[in-house]
Every structure is written in structure tokens, then in C-alpha cells.
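Feature annotations, reproduced from TrEMBL:
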type     : residues : note
DOMAIN   : 1-381    : domain 'Major facilitator superfamily (MFS) profile'
TRANSMEM : 14-40    : transmembrane segment
TRANSMEM : 52-70    : transmembrane segment
TRANSMEM : 79-98    : transmembrane segment
TRANSMEM : 104-122  : transmembrane segment
TRANSMEM : 134-153  : transmembrane segment
TRANSMEM : 165-187  : transmembrane segment
TRANSMEM : 208-228  : transmembrane segment
TRANSMEM : 240-264  : transmembrane segment
TRANSMEM : 271-288  : transmembrane segment
TRANSMEM : 294-315  : transmembrane segment
TRANSMEM : 327-350  : transmembrane segment
TRANSMEM : 356-378  : transmembrane segment
Amino acid sequence: MLTKQYYGLPFRRLCAIVIFSAITPSVLLMAPAIASQLAIENGLGPAEIGRYFFTELAAMSLAVLPGFYWQTRVDWRKVALVSVALFLAANVASVFVASYQVLLVLRFLSALGGGTLMVLSLSSAATSSDPDRVYGFWLVGQLLLGAVGLYVMPLLFGAFGLKALYITLVVFVLLSVPFALSFEAGPPQARPSASIGGGAGAGRLRQGLGLVAIFTLYIGISSVWTFVGMVATKIGLDPATAGSILAAATLCGIPTAVLTTVLGQRWPRRVLILAGYAAATLAILMLTGLSGVVMFTVAALLFKMAWTFIVPYILASMAEIDGQGRLMGVVNLMIGAGLAFGPGLAGAALEKGVSLSGMLAGCAATVVGSYLMLALAIRPSSRTQFLGSSAPLAS
């Protein structure tokens, strides 16, 4: 079983992709529980808590920069081992640190190591013969660990404090060390990339359009998810009810991500992407004119399910435009940048007097714009195939 190929990848490498891509962003995935503990145990205010998570997100995103060097020059297994060592050392040190400033430095180093492992995972998944399914597994692992962590971590915090988080991360990564040697020794041989007319210049244009599409998508969806609680308050829902609905929506994102691993390339990818974008846009527009708890629940569920449904297909499309997976590090940067800028831009708009409905309408327009750019980026060379072909882009 360990030597068997799954979707064109050795089983151990597939496990490495799923395991490391779930563990490394776990602080961000469990942010609500960690934020509460930071306030209770360390007495941090909203601004300090915000800087804690911004540091994690920024370091994970910036990990792409050294990736431009090592992806073509250094043994990927050595990169994985060094990244694991950095992640471990920073989390072990975090257990014993009391200073907030020193903790931020350690969290930056931890996330830098984790971000490098994420780049490795994304780039390795891009070389699969069925990237749609592999990116589906990539996302399912994150959602499952995030859901379990949100339930278990508050219990551990009550017994052991915040150090339980860092100890848990250390244990998980120590158990995962053998899988670090499952990555390729160096850059993979290029797969045939998406059929592109117009030569290398057109290829770069498509890559650029795809990256901007991902950036704008994450600006839109992160803005909505950050301020969806304000929508609940506006229609008169109490925090407990709203929290339960949003938790249910998060859990419902898991089966839709699993669905992508089942569908794979059975249906035309461009049609599935269009359906996912349409569902996300509809959900956002529903949030602008809600009248009760039922509509809010439907909109929240639809939004989260659409989000987790389209991400694997978008990543697979970008992987096929690239052919070697080197672009996936930049994709990771665009995701992180969108997640960072979205809430800030939306919050600034609300402070400037833009209504909540107006902000949500702007998010819907941003998502539509993202789709249009992505559609141009992934279109086949023959216009007649834009929505009708069921063949993968590499064909």
C-alpha cells in the first residue's frame, strides 16, 4: 500500500500533502478558540490579538519568497526537514515564553516553517494526475482538523492553558516527521500545461489573471465571513444562535470538500467552477436582504459550502496552467494576502459610512469579477470548448 500510486502520487507523498497542509495553518483554523484564550490567559486586547494572527498569516504568506530560490536548487526533502525543525523549535520555545514581543517573533518563525511546508504540499499536489481530487483532500484535512480543534482546544486550555496548543503542534509534527522524506528530491518534471495560444506571453498573462482572480476571491469571501456576525445582529439574532448557525455552516463545508474528491474530473471543471461561484454570489446577495433566521441559515450554509467546493477546482486549474507546481507558492501568497486585506478593506468601508448591505453588494461584485478573470485564465485554446468540454485542461 505504501508504494502504490494514488492519483499519480506515491501514497506516502499524498499523506504528507494532507498531513502537513492541515497541521501548519492550524493556529489560523482554530483562531476563535485561541483568541479567547489569549484574552483570558494573557490579558491581550483586540489589537494585540489581531497582531498575533496577522503575524502568523503574514509569515505563512511570505514563505513563498524563499521558495523562488529553493524550488529549483535545493532537495525538497531537505527543505521539508529544515522547515519541520524550525516549526518544532519555535513551538517548543513558545511554551516557555512570557513576553508578548518574543512570542510574536516565535510565531513568525513557526509560521515561516509551516508556510514552507504548505508551499511544498501545494507544489507536490500540482504534479498529480488528478489535482482536483488531491486538492480536495488537501482542503478536507484542514477542515477536519480545524473542526476538531475548535471543539477540543477549549477543553485543553481549561486544563493546561495556552501551552496546550504549542505542545499539541509539537506532538503532531513529531509524529509526521517520517512523511517529510516523502516529498520529491527536487523539482518534478513538467507535466503538459493547459493548452495556451499565443506562446509564453499568453501563458504569463493567464497565470497573472489566475493569481489576481484568487486574490480578489479571497478579499470578497473573507470580508463576508468576517462581518457575517453583523448581519445576524442586524436581523435580531442573539450571539449564541448566530454562533451555532455559523459553526454548522463550517461543518457543512466538509462534505462539499469531500464531494470534490469524489467528482474529480468526471464533470467539466469549468462548469463546476461556474456553479460554485454562482452559489457563492447568490449567498452573498441573500445576506443583503435577510428577513429572518431561516434565510440567514440558508445563506450562511450556501456560502460556506460554495467556498469549500470551488477552492480545490481553482487550485487544480492553476496547477495545470503552471505544469510544474512552481506557481503554487505564489497562489499561497495570494490566498494569504486576500485573507489579510479583505477584512481590513471591508472594515474601512463600514467605518467610512458604507452600509452593511452596500459592503456585501461590493463583495458580491468582487466575487463576480474574480470569476470573469479566472474564466479568461483557464479558457481552452478553442473557444467552443469553454463550457462544454469535459476533458481536463492538460489534454
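Start at 1 and count along the chain as shown; that gives each residue its number.
Each residue, glycine too, has its Cβ placed from N, Cα and C.
Remember, it's a predicted structure, so these values are computed and weren't measured experimentally.
Within the same chain, residues 220-221, 224, 228, 231, 263, 295-296, 298-300, 302-303, 305-307, 309-310, 313-314, 317, 357, 360-361, 363-364, 367-368, 370-371, 374-375, 378, 387 sit at least 6 positions outside the transmembrane segment (271-288) and bring their C-beta atoms closer than 8 Å to a C-beta of that stretch. Packing against the transmembrane segment (52-70) from elsewhere in the chain are residues 24-25, 27-28, 31, 35, 38, 44, 76, 79, 103-104, 107-112, 114-116, 118-119, 329-330, 332-333, 335-337, 339-340: each is 6 or more residues past its ends and has a CB under 8 Å from a CB in it. Contacts between the transmembrane segment (134-153) and the transmembrane segment (356-378): absent, as fewer than 3 C-beta pairs lie under 8 angstroms at sequence separation of six or more. Among the stretches 14-40, 165-187, 240-264, 294-315, 356-378, the one making the largest number of Cβ pairs under 8 Å with the transmembrane segment (104-122) is 14-40. Distant neighbours of the transmembrane segment (327-350): 54, 57-58, 60-64, 67-68, 71, 115, 118-119, 122-123, 125-126, 207, 211-212, 214-223, 226-227, 315, 318-319, 321, 356, 358-359, 362-363; these residues of the same chain sit at least 6 beyond its ends, with a Cβ under 8 Å from one of its Cβ atoms.
Remote same-chain residues near the transmembrane segment (294-315) are listed as 122, 125-126, 131-133, 135-136, 138-139, 143, 213-214, 217, 221, 224-225, 228, 231-232, 235, 237, 242, 245-246, 248-250, 252-254, 256-257, 259-261, 269, 272-273, 276-277, 279-280, 282-284, 286-287, 328, 331, 374 (criterion: CB distance under 8 Å, separation of at least six residues from the stretch ends).
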